[in-house]
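To start, the structure itself, in structure tokens.
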Amino acid sequence: MVNVITSFSRITILSFVLIFTLIDLVQIFEYKLNEAVYSILSTIQSVMVVLFLFNGTFVLFMAKEDAGMIMLGIFTCIFFVGFYVAVYRLSDFVPRALINNMFLFISFGIIALARLKTEFAAKHMIFLFITLVISLFVIMGLKYVDRIERFMYIFAIVGIILLLIVAFFGQVENGAKLSFAAGPIRFQPSEFIKLSFLFFISGCIVTFKDMRGFLIASIGSAVHVVALVLARDLGTALIFLTAYVFVMFIAYKNYIVLSLEIGVATIGGILAYHYFPHIQTRFIAWTDPLSVVDDKGYQISQSLFAIGTGGWLGSGLNKGMPNKIPVVTMDFIFAAISEEMGAIVGVCLIVCFACTVMLILNAAFNCNNSFYMLVSSGIAVLFAVQTILNIGGVIKFIPSTGVTLPFISYGGNSLLSLMLCFLIVSCSNNLYFDSRQGRRHDR
């Protein structure tokens, strides 16, 4: 009976995700849709997410005979309702298409983690509620901060100090210093500094509106990146650098500066390869993983085997062997999803990530405030680069960088950072406060 349900669920899961994805491709033109059509499409997407979530948790309940799987689905839906109500109370416009995408990614994460390690799924669920509460307090605080760009130097100084602390005193993980522990809590500052970094460079641009803003933002960005390089956290350094380059381009639209910045980044990548052994190791594993399959290439080889074994429709939930992949709950969770849910679902997931970036950019370019327009644009870049680095590493498109897959990989630090980012984008038109001219003031 379980085998029949699991086999049938391959088709139902694919159907739910495929319908969601097709609607997503229409929703990226949300500002051209009339309100009724937008509402209908968003509602259908919401239904698809819930059906997908309970389809996955029910199959795991049958396979593992664990009622906790059903409870995970119920609590995830409670979280969805709480998040939606919070955004509805905080913002004049609720970007339902964007929120639906976030809910889909969270559902993928809950199902994949419940399949791989039940206790991780339970902890991930707890992280969801904790991060929602913390994020709401932060967002409500931002609504009453007078001209937040005034604090751009504080954002930079605090961020750089935290990165340097990690660089000199952090715990080494996979060749890089990423975090430090405070009792049972592992704190990874770079996840939160992504947002303060965007606040810093956006503040420089809107405050000075000339080359001074460009120079100050460039110097501050360089120090952030150097601090990350000292910590050997080169994946995050690349994310910061890319965000800086594209936010600067959006602000100044100067192709010469863009070309110079890309050139500097390329030179930096070449130098990193020559001076950091763990980068060389990842490059060897990327170029020819089978030649070092027992050592450096084991992780990527197992990832490719898993994706290939799953085929287009997948082996079915709880029918694959994703636990053979090292760090599968974090860096390589996309391989686990593709193995058991199928390559078609994997492709749909990639399309949904791309649509999410477009939806964030839609929200950014329709924001009535320059500061949050730049911040939201930067969030789109952060989200896009992080997704490309993760999935690209899993499918051997690029060397593995060790970054997590947004909303899906296990980890409370990443979840809180992303939750804050999505709440800021969702409420961007209602956050800016200027005591001199009123809250919704277009600078």
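Glycine residues also receive a Cβ, built from the backbone N, Cα and C atoms like all the rest.
Sequence annotations record features per position, and here TrEMBL assigns transmembrane segment to 12-30, 36-61, 68-87, 93-114, 126-145, 151-170, 191-208, 214-247, 254-276, 341-364, 371-395, 415-433.
Here the transmembrane segment (371-395) has Cβ contacts under 8 Å with residues 148-149, 194-195, 198-199, 201-203, 205-206, 235, 238-239, 242-243, 246-247, 250-251, 286, 300, 303-304, 307, 331-332, 334-335, 350, 353-354, 356-357, 360-361, 363-365, 401-406, 409, 418, 421-422, 424-425, 428-429, 431-432, 443 of the same chain, all six or more residues outside its ends. As a quick check, the transmembrane segment (68-87) and the transmembrane segment (126-145) clear the bar of 3 or more Cβ pairs under 8 A, pairs 6 or more apart, so the two touch. Away from its own ends, the transmembrane segment (151-170) comes close to residues 145, 177-180, 189-190, 193, 196-197, 199-200, 202-204, 207, 220, 223-224, 227-228, 230-231, 233 of its chain (Cβ-Cβ under 8 Å, at least six residues beyond either end).
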